[in-house]
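Taken from TrEMBL as is:
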type    : residues                                                       : note
BINDING : Ala143, Gly144, Ala145, Gly146, Ala147, Gly148, Lys149, Thr150 : ATP binding site
DOMAIN  : 122-602                                                        : domain 'UvrD-like helicase ATP-binding'
Amino acid sequence: MQPWIFHPLEGMEHGLSARLSSWSSEIESAREEMRMAKDYFTSDKMEKLRKSLSSKRGMMPVARMAATLSGLLRAASGKRLKDECERISSLSEKALKELEAYNETFIRKQMEKHGALLSSGIALDDSQKRAVITCDRHNLVIAGAGAGKTEVLTKRIAYIASENGLRCERVLALAFQRKAAAEISRRLAQNFGISTNVRTFHSFGNDILGQCGIAHELICRGGDYDKCMAGIISGIFAKSAGSEPFCTHLADFMACCQDGAGTGKWPGAAEKSHGGSRGTLYRTLDGRQVRSEAEREIYNFFFTHTLNGKRIDFRYEEPARWMKYTKESGEKPAPDFFFPEHGIYLEHWATDSEGAVPGWFTVSSEEYDRERRLKKKEFGCQHRYTLIETFHHEYACGKLRDALKGRFIAALRQKNPGTEYTLEKIPHETAMGMAWENMRETAMHLPKAIAAFIQTAKAYGRTPGTIEGELETRRLSRMQASFARMAVKVYNDYEQGLAQTGTIDFNDMINKAIWLLKSDATLLRGAYDHIFVDEYQDINAQRFTLLKLLMDRNPECRLFCVGDDWQSIMGFTGASTRYFTGFAAHFPNPAITRLKVNYRSARPIVDAGNAIIAHNPPGSQIPKQLEAMTDTTGRVTVRLLPRTIRMDQYYREAAKECIREIRRLLDSGTREDEIIVLYRIRKPQTLGPLRRHAKANNIQLDFSRAWHGGVRCMTVHQSKGLEARKVLILNADNGLFGFPCELENPTLIEPAKPESAEPRPREEEERRLFYVAITRAKEEATLFAMKGTASKFIEEIRPFVEETEVKADY
């Protein structure tokens, strides 16, 4: 064999030997890095090392083949290379195993090293310790109710300070409410002697404005900001209610908000049929039920107008006993509307422009027309009464009111030639004073709903003009459309007021800060090493944008978010659970830690909470099963009061029963600060009786946001983050003020969001609120409800509830 044949093999042998030596050095270097490392490895670093080590292992089959070929030249050399391949293969496997175990080993070492800190005050369990020590680039702690998330967050900051030292100006902790920010600051200072930058999102935005020299004045300064804002919006609403277009939208909204018509397409097509009704009834402004949306519009038109300055007397479906024919049922015909003072009847026909009835009618168009002709014949045979007619196709195209007004006036003039007639709309306040109770409550609540609409719109950076431009083309229910038109008008006037006075609101603080960050690429670049976010489940598009900008500007910064999607109850601020449930989509490769143990509540309360939230759709939340720390005695009880049609009686008796329970608890040794009274919404109808009965029984109640002594009373929203041995929940019913609350409808806020935004289903949010209410209790949650109207959520936890029927004085 010619010697030159072996020359390529000799080159390959030398090359393979050098490559194996290099690989060996790289693997040993990686192992040395792991041995000497003093930090948690981020997912990026782990992936880089994993890829490097895996590539060495992946090349081994090729290296072994090269070693075999080398053995053809020199057997000893080939064996040496094969042995080296096996050694490096084994070494890479070992290094990969060490890498996969690195963070777990690191966490265990840190638990031991910082044992005193982690066990100080409230000792942490293993899951909580892991949450504190795990320090990836992006970190999410999923903490159930009572799982100690605030303790974990504060000890995380203390741990970083202990481990690496803490430059306060390079650490930012963000909370949603001043109360939460103050509590985090207090714990850090009191327990660890740490003073760091804990801000609300709004105050942080304000800091950025100040840093950039942007002069501004807050529209509401000092005192209760929410109360001040409510007053401003209410004032604008009251002024707007005097304009004709606004009143039209208001009447339209009020007409459909009580009977479910708001879920249909606008305008709705459900109409009365003689022998063909779908069975749906529609509530008028004064509480009367009529058979179609168009009839409701007619009814409300005459209810809210005067004729020559006098109220219009009209009757709905009053039998016309003077008519000679009877219906097949033997009853006298009952035309839709009768105006006795003027001898005028009005009949509304459910036909289209071709005279056809809807397809779901049980009578044909011919039969329906025959009935119409019979009635017209009756009117044609006498001269005392006049008939005017309207049709569904006029309602469907929005021309009903004009047709109604014109035909009514024409009929009056025909009966009384020479007399002038004028129809005038009565003031909004007068109409609401005549409306039925539930309708008045809804109207009184509108400014609050509009404030939430404005807040949501600003959270998405949407102007009044943007929203208004979409209303004609966007798929909305009639209720949503009429509400949105009112809200846009108030929003526009509100923004004009801000511009005229040179003031801003809380949302502007964040929006303007975002604008500044986008305008200046150097602003806050490299400013932070750590960013912490409390209650991350309540983040909205606006705050998310701010947070994402900060993280993009600080590529070495570690993000640490804590929260519980089950407690996401801030939908009125534009909050979206998708930022929590889809955390990894926004912040790649996160380290996720779950805290599953509830240290607050007894097992029956924890089990009831799990059962409540399980009824929300699986895809809408992160699945988890919380566990109670102990089997201490506890219970969830429901006090059922007798049914009554008088809600004022029920509210009075429920308040009386609640005060009796408070007296019983106090007499048995429970302290005032160990009791909380919760309610879905603050209303005088429910809280007035509570105050009176408390005073009569010498019990002090505290309704303030800062506790000054007495039994604390608050909305469920205000109770977030609080706990008590005994929690009493008023009005645990379906209805205006209960669970779910009919007075607050998050679907109304949807037009404030872009169409691409995730919808916030009403029932899911209300169920989360109910969950929050129940899980404030350590030992006992007592709910008060009316028999037959108890909240549907109570039915969902039936196996975990003890029911007691209570006698009442009605």
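Glycine is no exception: its Cβ is also placed from the backbone N, Cα and C atoms.
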Surrounding CB atoms that lie within 10 Å of the CB of Gly148 (ATP binding site), all protein chains: 22
The one of Ala143, Ala145, Ala147 whose CB sees the fewest other CB atoms within 10 Å, among these binding-site residues: Ala145
Cβ neighbour count (within 10 Å, all chains shown) around Gly146 (ATP binding site): 24
Check: same-chain CB within 8 A of ATP site center, minus Ala143, Gly144, Ala145, Gly146, Ala147, Gly148, Lys149, Thr150: Val152, Asp564, Leu595, Asn598, Tyr599, Arg600
For Ala143 (ATP binding site), the three-state class that DSSP assigns: strand
Under 8 Å by Cβ from Thr150 (ATP binding site), counting only residues of that chain that are 6 or more apart: Ala180, Glu183, Ile184, Arg187, Asp534, Val562, Gly721
Cβ neighbours within the same chain of Lys149 (ATP binding site) - under 8 Å, at least six residues apart: Val141, Ala143, Asp534, Val562, Gly563, Asp564, Leu595
Cβ neighbours of Gly144 (ATP binding site) where a neighbour is any other Cβ within 10 Å: 26
